[in-house]
Amino acid sequence: MTYPTTWRRPPQIFTHRGWRIGLQLAALAYLVFALGTLDVNWTRIAEGGERGLRFIWGFLSPDFSSRWRDISQGLIESLTMTLTSTVVGVAISIPIGIGAARNVAPAWIYAICRSIIAISRALQEIIVAIFFVAMFGFGPFAGFLTLSFATIGFISKLLAEDIEDIDEAQAEAIRATGASWGQLINYAIQPQVMPRLIGLSLYRLDINFRESAVIGIVGAGGIGATLNTAIDRYEYDSAGAILLIIIALVMVAEYSSSYLRKFLQ
Amino acid sequence: MSDFPASWQFRSPRTRLALWFGWLCLVALFVWCWQVMNENTIWMFVQDAPRQAADIGGRMWPPRWSYLGELMVPLWDTLNMATLGTLLGVILAVPVAFMAARNTSPFPLLLRPAALFVIVASRSINSLIWALLLVAILGPGLLAGIIAIGLRSIGFIGKLLYEAIEETDIRQVEAITATGASQAQILHYAIVPQILPAFWGITVFRWDINIRESAILGLVGAGGLGLKLQSSLNTLAWPQVTMILLVILATVILSEWVSAKVRGALI
């Protein structure tokens, strides 16, 4: 038995040397080409540099007071939109999630629910928001619908996967008592998935707040609209204030939701 | 002797009361929020919505296939924006992740909270907002989009990577340390090989997300397909909108497939 006396790198994904070098060259060529297509207007950037400094300055000395009416209005819209859309979205997600779980739903219901989930996940929030604004007019109602729609895809998918992963022994025990389908869901599945469903809902609340800050840009209400106006008017101190509020709220939401999830589990 | 309850109850009366109260609070909060939110809603528009939807749907069909040729350059721009943005994000996120991980942070007392703040700040601001700011600063174009995607990616890559670093097997680090390796050698031989699969998985995953995001960044002026979407929406050219949405959908599905394949090969 002979051991090698010098250490050699273990083989990587591509064992053949030619492939590896070829791939690296291709990546390099792409990089050069892609950077080449990027036409950078240096004079415009030089002009913007001063604006960038003003923005950083605005961020460091935020102005909460002069646009407070707009900011508070946007904030209330965002927060109410976040809560209502999460509640409605989760309420709609529960039947769809149960329907999309293979072990409790018949095949045709499974197919319908899975396609609803696929549609909801494939469409970007912003694009959905554009359509809802065109249909329902400007304002938080369109935003509420957008966020509810996005929530359905997220919660239903994870809930369905959770139901498919349950401990079958408990379901079998309930079935053995001669329980109906409704009783099976209520006594065998609901206790197993409830803690996770609450955790997911809190997580989605957090995501919906972040998204509600964005969809205002296309007119669906919320703090995003205020931010968009502030940047359009070059009022960087107000924009800085809004961004700080968003960051602070997201941090609060993240920490409190992770705390609550620990408390509930 | 036996004072067992006559019927089985799922929870004790006290917990049930607390649960009911919790749900009641949630419903009350919901109703209140609904009232506040819909103060300014014009319900006539809402009633009108099915008709509006049918109208838009009618205008959108059929998609204008001849527009497809014009979309190839923006599509290429979108892909470049996502790829270069991911690259920028990775370059910025790797040092942040090493500073944020408890076991590799060079100066944990000061650098760790700073790195964690960078990660949270990057994650809490959507790429569309980053793009909005950068377009105002740098002017419209791909560069603003790339930087926006890059800045947004720091939080995601940084968070997942630092968690992967914290989960590394300590025994391998100890083995390398026992050979008298320097700090850099420990990183190179004990930590990097352990996190490399996770790193590639995270990068490809983020690239997939970035393709979706870069498709709409043009709405605020950062180039790519979104720019075409914006101009088609502004001129109410609905058949073109359908075409763009189809191209975006196809790209997203393709990128998801590619990323699933690559991650499957890695893990």
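Placed from the backbone N, Cα and C atoms, the Cβ positions cover glycine too.
Same-chain neighbours of the transmembrane segment (B:17-37): 11, counting only residues six or more beyond its ends whose CB sits under 8 Å from a CB of the stretch. Marked as transmembrane segment by TrEMBL: B:17-37 (among others).
Taken from TrEMBL, the feature domain 'ABC transmembrane type-1' applies to B:75-259.
What TrEMBL records for B:81-100 (among others) is transmembrane segment.
Annotation comment: TrEMBL describes B:107-125 (among others) as transmembrane segment.
TrEMBL lists B:131-151 (among others) with the feature transmembrane segment.
The transmembrane segment annotation in TrEMBL covers B:237-258 (among others). Listed by sequence, the residues of this chain that lie at least six past the ends of the transmembrane segment (B:237-258) yet keep a Cβ under 8 A from its Cβ atoms are 56, 59-65, 67-68, 71, 75, 78-79, 82, 204, 207-208, 211-212, 215-216, 225, 228-229.
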> What same-chain residues lie close to the transmembrane segment (B:131-151): Cβ under 8 Å, and 6 or more beyond its ends?
Replying inline: 77, 80-82, 84-89, 92, 122, 210, 213-214, 217-218, 220-224
